[in-house]
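Enquirer: Copying in the features that Swiss-Prot gives for the protein in this structure:
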{"type": "ACT_SITE", "residues": "Ser417", "note": "active site, charge relay system"}
{"type": "ACT_SITE", "residues": "Lys442", "note": "active site, charge relay system"}
{"type": "DOMAIN", "residues": "198-286", "note": "domain 'PDZ'"}
Amino acid sequence: MEVLASSSLSPISFTKPNKINPNFSIQVKLWVKQPPKISKASKFSYARSRSNISRSNAANPGVVFVCNRFLCVIERNDQRKLSGKVMMKSSVNFRQNLSVALVRIVSVLLVSSISVVTTDSPPSWGLTEENLLFLEAWRTIDRAYIDKTFNGQSWFRYRETALRNEPMNTREETYMAIKKMVATLDDPFTRFLEPGKFKSLRSGTQGAVTGVGLSIGYPTASDGPPAGLVVISAAPGGPANRAGILPGDVIQGIDNTTTETLTIYDAAQMLQGPEGSAVELAIRSGPETRLLTLTRERVSVNPVKSRLCELPGSGSNSPKIGYIKLTTFNQNASSAVREAIETLRGNNVNAFVLDLRDNSGGSFPEGIEIAKFWLDKGVIVYICDSRGVRDIYDTDGSNAIATSEPLAVLVNKGTASASEILAGALKDNKRALVYGEPTYGKGKIQSVFELSDGSGLAVTVARYETPAHTDIDKVGVTPDHPLPKSFPKDEEAFCGCLKDPTAACYLNQGLLFSR
């Protein structure tokens, strides 16, 4: 007979007699790595008796003894019913050959194990400092990214190809290689941040922003043609304020990039940058357009503005509305909102307005804490990954401070991320009515990772669903009622609007503060 051997692991099955109970046998399968060649096996015939195997009776071959360089196999050729099994008898030679085979098997398994372990290792050639930084970025995404198909590509193969083909001789070339890698994910929120931008982003979530001190939003019909982004406010004493930029001015360009197609999320990133760096703005004030070059600096940001507004009435019995404008979710946001609520409740407010228009988000934990102020119980948000719900954020009411007063939440297409979580939680728990237009639809959650050279990665690690299990990504939170385009955009204008019963803030008055 011929045995066709290959370089792969080949199965050899045999049945081992059970000496304790002859009526039962043990089926054994060995995987033997055979050499890549064809070898002739020896063939011997033996007579078969119940007591022994005789070599002298060749005329009645009951057993065929087949050997190759690894194993000797005894096949029964008699007509007794054997259920198709091949019986193995051990002999001195067989035991010796079996021992050799087992040694080879162990060697093969050891080699195979080593191969498996080293599959995830970088290529064997020498790695430079730039290569190692690229690998650090690759590993960060590999471990944290929500989509484990990596946009349908082989993430391991991309690593090997990039290390072989992408130039990484300088830090700038390495940054470019990392950006190209991130771009293959086709995720606008997973992005690479050079050291200056990473530092600016981190400081922005800590209550201070290295920028020009502007709060921006989308234009409304009352602002005229949508030819850019509108200035909501300029931080007192900040670069924009000192340059004479006023609320209502339109930003038409940032560093030679038109803002007509920019989201406020992208524009906010462009306005921030390393302290001391310059940014050029094209500002339209009325009919005049100015080009201003501003120097970025650290600007303290108070994320909350609030005001107690009285409706026309009879003196101290006039209904009072507490207006809270939340512009961002930095690490001061929850404490500032708590302080505003407690101050307004101390003045016996009858209802609240929480204005989240043009709030592009920020710190996820701050959004969760603020939701707890308004809810006596319930789910705030579900955190989901590719396998389903991963975590649940809820409240038992222990942090609630304003659960009884009617609440209206104002949103628009500039309401994104953490502010959408807050609006969705208050809506789905029937705590508030939501007014405005569908929100931005940023239903993904990012974590920020610092790399060894001070640069960083913002990586999408999860998505969220509202308490009603609504996935708002690219769809947004749908409001309960529309809001007039001319509705006031800040606390002073809102209080002034309430003094005029014919103004926009009196439209839907029967609904605005109802539960």
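Glycine is no exception: its Cβ is also placed from the backbone N, Cα and C atoms.
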Enquirer: Using a 10 Å cut-off, grab the number of neighbouring Cβ atoms around the Cβ of Ser417 (active site, charge relay system), all chains included.
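Expert: The answer is 26.
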Enquirer: If H, G and I count as helix, E and B as strand, and all else as coil, what does DSSP give for Lys442 (active site, charge relay system)?
Expert: coil
Enquirer: Can you break down the domain 'PDZ' (198-286) into helix, strand and coil residue counts using DSSP?
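Expert: Split by secondary structure, the domain 'PDZ' (198-286) comes out as 22 helix, 29 strand, 38 coil.
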Enquirer: For the domain 'PDZ' (198-286), what's the model's average pLDDT?
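Expert: Summing pLDDT over the domain 'PDZ' (198-286) and dividing by its length gives 80.
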Enquirer: Distance between Ser417 (active site, charge relay system) and Lys442 (active site, charge relay system) at the Cα atoms, whole Å?
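Expert: Each residue's Cα considered, Ser417 (active site, charge relay system) and Lys442 (active site, charge relay system) end up 5 Å apart.
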